[in-house]
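Student: This is the structure, below, for whatever I ask next.
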């Protein structure tokens with residue numbers, strides 16, 4: 001896409017295969033089994049498959065060794081195979097549960113063989129420590145050599161099976177809350193309707209026309225400089241963006257959230273651990289060519305990574321963050337009137353809430369996040385509905401997700417302005433975030449705590465997606481003379497500005 005970074009890296013959107021050629025070794029029959037591993041997009045419903053080009057004579061493939069490994073409970077999946085398979089079907093995912101269970105059973109069998117051979121090898125080693133006749137010793141040496149060769153082959157098989165199982169199981173989406181509607185987006189249910197649609201005695205304009213008349217946007221110059229779906233904010237729109245950010249952060253901080261400004265470039269592995277596919281066919285992620293890094297599509301990713309591979313004291317939970325960042329999305333496949341203007345862009349500012357908590361508290365914190373969103377949008381006088389999203393509209397990490405869609409009179413429809421997801425332990429198992437429950441029994445002298453650790457639950461929600469909020473405010477607060485009134489809660493964050501008025505256009 002031609003956008004250069006200071007390190008001469010290029011941002012580009014290009015799918016890569018997660019498969020590699022098989023070794024032609026005849027010592028390892030498992031390596032000559034045909035295994036096509038699916039690469040899911042960030043949305044479990046997208047479910048595309050990527051296969052490597054034909055580079056080996058026999059067309060045999062094995063899964064590429066994953067760069068990281070999730071702490072997936074394979075035994076639980078096997079014991080609950082029917083429920084997991086039904087969940088995969090309901091979410092329209094291409095994850096292959098039969099293959100996951102098959103690989104896990106193979107892994108367990110090979111593990112038993114390996115343990116048996118190791119035990120035999122130890123017996124032989126112990127026998128060789130005593131006094132033996134030369135012929136007997138030679139016999140044991142040969143036996144030990146044979147055991148070693150068999151172990152090398154089986155241990156290699158074990159590693160390959162572990163990688164194959166991990167790669168396939170990482171495609172399995174989170175389980176789903178029992179109250180979530182089953183089906184596509186049309187099956188989603190309305191949880192709450194707030195306010196009424198604005199009524200106008202004049203012909204309304206959409207935000208694109210309003211922005212042009214008010215001289216606060218420049219899409220044409222941005223298209224020349226950066227390409228389509230980019231924009232300049234000018235004049236009062238700059239104050240409006242900064243005001244929205246400061247308003248959202250300060251309001252959420254009142255509720256006990258710690259403010260953050262995050263990195264906007266992260267490692268690809270962190271993106272994957274949060275449940276997004278940085279290099280899938282329809283990815284929304286910009287990858288940096290020649291590196292293992294990506295631009296973030298949401299602050300959820302770097303905030304989730306703060307406590308990666310750590311054990312949090314139970315007394316520190318819950319951890320609540322409100323993070324500001326710029327976000328970058330390819331918007332692959334996006335087209336049509338719904339993408340006009342600021343509605344669907346490649347770069348935008350967003351304030352995101354993120355919570356890490358005990359498992360038994362995640363449902364209540366999900367309710368809290370939704371209530372915060374509803375209070376924020378209600379305080380600005382917006383008309384919106386909160387929707388319990390159906391199974392096929394859930395991303396892979398989400399156990400349950402509520403979207404907020406606000407009325408946009410200029411566009412003549414509702415548009416999504418936020419979402420709130422409970423991801424349970426899906427992300428924490430991949431990010432390695434645990435906590436140690438406080439035990440009522442003190443540890444023995446000289447020994448650490450014997451209390452086993454547990455995975456935290458993670459939740460995320462949008463406090464303010466700036467471009468969509470600007471659309472709502474301009475279109476709902478427009479006046480007949482072309483001006484736009486600023487809602488009272490934002491005025492103190494905009495230097496007391498109460499109204500944006502049209503500019504006199506000077507033409508040369």
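Placed from the backbone N, Cα and C atoms, the Cβ positions cover glycine too.
Note that the structure is predicted; figures quoted are calculated from it, not measured.
Feature list, courtesy of TrEMBL:
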BINDING   298, 329, 352, 460  L-serine binding site
BINDING   329, 330, 331, 345, 346, 347, 348, 416, 417, 418, 419  ATP binding site
COILED    100-164  coiled coil
DOMAIN    254-487  domain 'Aminoacyl-transfer RNA synthetases class-II family profile'
SITE      462  site 'Important for serine binding'
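Could you tell me the structural context for the features on the list?
Tutor: Long-range Cβ proximity for residue 298 (L-serine binding site), meaning a same-chain Cβ under 8 A and a gap of 6 or more residues, is found for 325, 327, 350, 352, 460.
The Cβ of residue 348 (ATP binding site) lies under 8 Å from the Cβ of 326, 327, 342, 465, 466, 467, each of these being in the same chain and 6 or more residues away along the sequence.
Listed in sequence order, the residues of the same chain lying 6 or more apart from residue 462 (site 'Important for serine binding') and placing their CB within less than 8 Å of its CB are 350, 351, 352, 353, 373, 404, 417, 418, 419, 420.
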Student: Return the single residue from the binding-site residues list (419, 460) that has the minimum number of other CB atoms within 10 Å.
Tutor: 419
Student: Around the Cβ of residue 331 (ATP binding site), how many other Cβ atoms lie within 10 Å? Please give the count over every shown protein chain.
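Tutor: So the number of other Cβ atoms within 10 Å of residue 331 (ATP binding site) is 16.
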Student: What count of other C-beta atoms do you get within 10 angstroms of the C-beta of residue 346 (ATP binding site), across all chains shown?
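Tutor: Taking all protein chains shown, residue 346 (ATP binding site) has 22 Cβ neighbours within 10 Å.
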Student: Based on the record's binding annotation for ATP (329, 330, 331, 345, 346, 347, 348, 416, 417, 418, 419), what whole-number value in Å is the widest Cα to Cα distance?
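Tutor: The ATP-binding residues span at most 19 Å between Cα atoms.
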